[in-house]
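In TrEMBL this protein carries:
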- 6-26: transmembrane segment (TRANSMEM)
- 72-98: transmembrane segment (TRANSMEM)
- 118-140: transmembrane segment (TRANSMEM)
- 184-208: transmembrane segment (TRANSMEM)
- 220-246: transmembrane segment (TRANSMEM)
- 267-292: transmembrane segment (TRANSMEM)
- 318-336: transmembrane segment (TRANSMEM)
- 386-407: transmembrane segment (TRANSMEM)
- 419-439: transmembrane segment (TRANSMEM)
- 451-480: transmembrane segment (TRANSMEM)
Amino acid sequence: EWDRWLLMGLIGTAVGMLGFLMHQIIDSLIKLKWDLVENYLQVSKRNGTWSMGADVVIYLSTGQDGNIHMTWLCALGSGLAMVVLSSGSVLFFCPAGSPSGLPEIIGYLNGTSIQHLFNIKTFLGTFISCVLAVASGLFCGPEGPMIHLGALLGCGLSQLQSDTLGVHLPIFTRFRNSADKRSFITAGAGAGIASVFRAPIGGLLFTLEEVSSFWDIRLAWQTFFCCLMATFTTDLLSSSLYGFVYRGHFGFFEAEKRIIFWNLLDMNVLAFVPTILLGMLGGLLGALFVSLNIKLNKLRMQFFNSIPKLSLRKTSKLLETVLILVISCVPLVASLGSGRNFLALEVGCIFSFPCSSEQGSAAALLVENGKRGITYLFKRGTHEEFGYTSLCTALAFYFILSCWTAGSAVASGLVIPMLYTGALYGRIIGLILVSIFGVQTNKYGAWIDPGLFAAIGAASFFSGVSRLTISLTVIMVSMLS
């Protein structure tokens, strides 16, 4: 069995490298986009006020310089270019890559044959589409496509043959059967989750709970090893690159800062009351989200199937993704007016538009990419940074637009939107508790923190949509500890 373990390690290492590469490209594209935006924007820091602490800084000023209309035109134009390329890559290059790939992987592992699901064109098209879709500003994440890409690597590295390239290597031929192929695809899918969340146990439990119906104890240990290698590789590359870029020494490991919980938090029995409420709310909103998404996708299929010409049908699907991105920018564009106040986020990119404090907070939540926005919402000790209006506005937009985006013609995932949506209403519940009990500074009242309930709300909505329990708990603990 040494060759099977060797292949599992190679698959995990390859998936970890791919996860690292994907996140680096996404971050680079986002930075490039806002570097272009900053060419038209110059921020005056005179007569202004700062808020939100050292990590997340909002700057409100009474004056502005630069061309605000060109700023937004550049931001919207770069996003549209990415969306067109993202949607085009799955519509015209690899139709099997749309939208997330996870349902197709589950279907395949449970006996359904899907054409072109595991070829090189699908791999390239899914990767390009996912990277561009997330960087463009759509309300989506890379998790679903990363599971698909992990399964693709599991299939390709275990079979070592490609009909597209005409390659048939004469090694590991004993694994070229449906049962072993299915096992390596299962391990690759789990490694994809492990790489994204840095949670090897979560990746294993996810494949057991959600993906595969064919399981044994040997496959469990091998999948866990594959997930460990994926997590180790991603962490190794991320830490080494961080040290090289920011410290000037390759291989320097930076102690990773988790989202909120660096120390255990003493809890109060009263905390179970809002937690139960959040669990019920997550179930109800999760069921509503799934129901709306199913109906929306049925309407989408009926509309596009009514178009007889294939090229026109694909063009219509592409235009739908463009429309989603344009509507996603409505809250920000609506902020443009005759006022002179503006908001800037000192987090590597700067945004400027006339706004009130509540408008600015809502726009800040909607402007930021989902991963960074979740970090803001989970932040502890920020009891009064976001008001009810900004949170409710962001919740309404994010819920509707993420539901619409899921199933559109781009390779995209739902995990980041699920966590973000749950964090928004969780923080609202936390604000209600702060309004009732006030800001607590002693250790017995430290549980009354909007950041804490944002994390609980994120888990509740994730569970309500995905119906995951055990693996989700492990993933959330890995994220927050």
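Backbone N, Cα and C define each Cβ position, glycine as well.
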Paired segments the transmembrane segment (220-246) and the transmembrane segment (6-26) in contact, 3+ CB pairs under 8 A: yes
Assess whether the transmembrane segment (451-480) lies in contact with the transmembrane segment (184-208), where contact requires at least three Cβ pairs under 8 Å among residues 6 or more apart in sequence. yes
The transmembrane segment (386-407) vs the transmembrane segment (184-208): three or more C-beta pairs under 8 Å (separation of 6 or more)? no
